[in-house]
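Handing you a structure now.
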Amino acid sequence: MQFIVYFRIYFHESWRTKSLVIVIWLLDLSHSALVAVTLWDSIIATYGDLSKVDTIPWCIGPAIELTALITFLVQSFFAYRIYKLQKKKLTVAIPIVALSFARLIMASITNIEMLKLKSYSIFFQRFSWVFTFGLLLSAFVDIMITAFLCYFLRKNRPSFTGTMRIIDTLTFWAIQNGSITCAAAIATLVCWMTMPSNRIFLGLHFVVAKLYANSFLATLNARKQIWNGNRYTPSSNRPMSIVFLGESEPGPDSSISQQESLRIKTPQSKAVHQRREPIQVNIEQIVESKDDNYDGIDSPV
């Protein structure tokens, strides 16, 4: 659904962003297929066969690696946003990408060893540290991304009321997205360390990929709503629009000229209309850019 919404609203965006959206959607679709096969092999195909309880289905390893790949792409995307907010300095973006890539390597090792060993107990004895380290890296990178996004957003926060609201909204989104994915990674880690035999950690780990994909797409899809919802006049902090009296209030006065019939739709408009005082109307032209950097601000979304 998020994929469809994106292409309906942002079909004019650059091919790089659209390509990233398509890649993440395809990876998420492949991940869903692997999870479905895993559930079939673990629950349906081996139902009642206790000898298969400790067997690792072949598709679990690839599903774990796809989760790490989706995580790497999404975290790299936010690292690029931090790079733009930091005025194109790499001091923060490079460590984030490097740690995220290390998490991808840990997932690749996990995938290879699960395919070779085919036993949960043996894998836990020999390579539990690999899976543990990968989850720790994932949670740590999420914390880094959230902290630096909030820091640079607040640092670049302008004094204009409408833009301040946009920055506040973006900060809220950064905290929300980062806390959700980080909490999921930590919950997976806790279940893996304390209850490796009941496979609860696998269910949580499968959800992590969905959280990252949806966090990425929801962040992209929310840009227009955030921008349109924060256009305010400096004085009244209310949306301002221009209407014709002849269209909204037909009557004897509808014959007045077009120049006299323009008014500002604000809470004080009724009194202005009754006094018939001359007013000045400023028409502001708003140009919608194909880039996602509204109002000169390098948005993290």
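Glycine is treated like the rest: Cβ placed from N, Cα and C.
OK, TrEMBL features for this one:
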TRANSMEM  20-40  transmembrane segment
TRANSMEM  60-83  transmembrane segment
TRANSMEM  90-109  transmembrane segment
TRANSMEM  129-153  transmembrane segment
DOMAIN    138-224  domain 'DUF6534'
TRANSMEM  174-195  transmembrane segment
TRANSMEM  201-222  transmembrane segment
REGION    249-277  region 'Disordered'
COMPBIAS  254-271  compositional bias 'Polar residues'
If you average per-residue pLDDT over the domain 'DUF6534' (138-224), what number do you get?
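Mean pLDDT for the domain 'DUF6534' (138-224): 86.
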Per DSSP, how many helix, strand and coil residues does the domain 'DUF6534' (138-224) have?
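Its residues fall into 76 helix, 0 strand, 11 coil.
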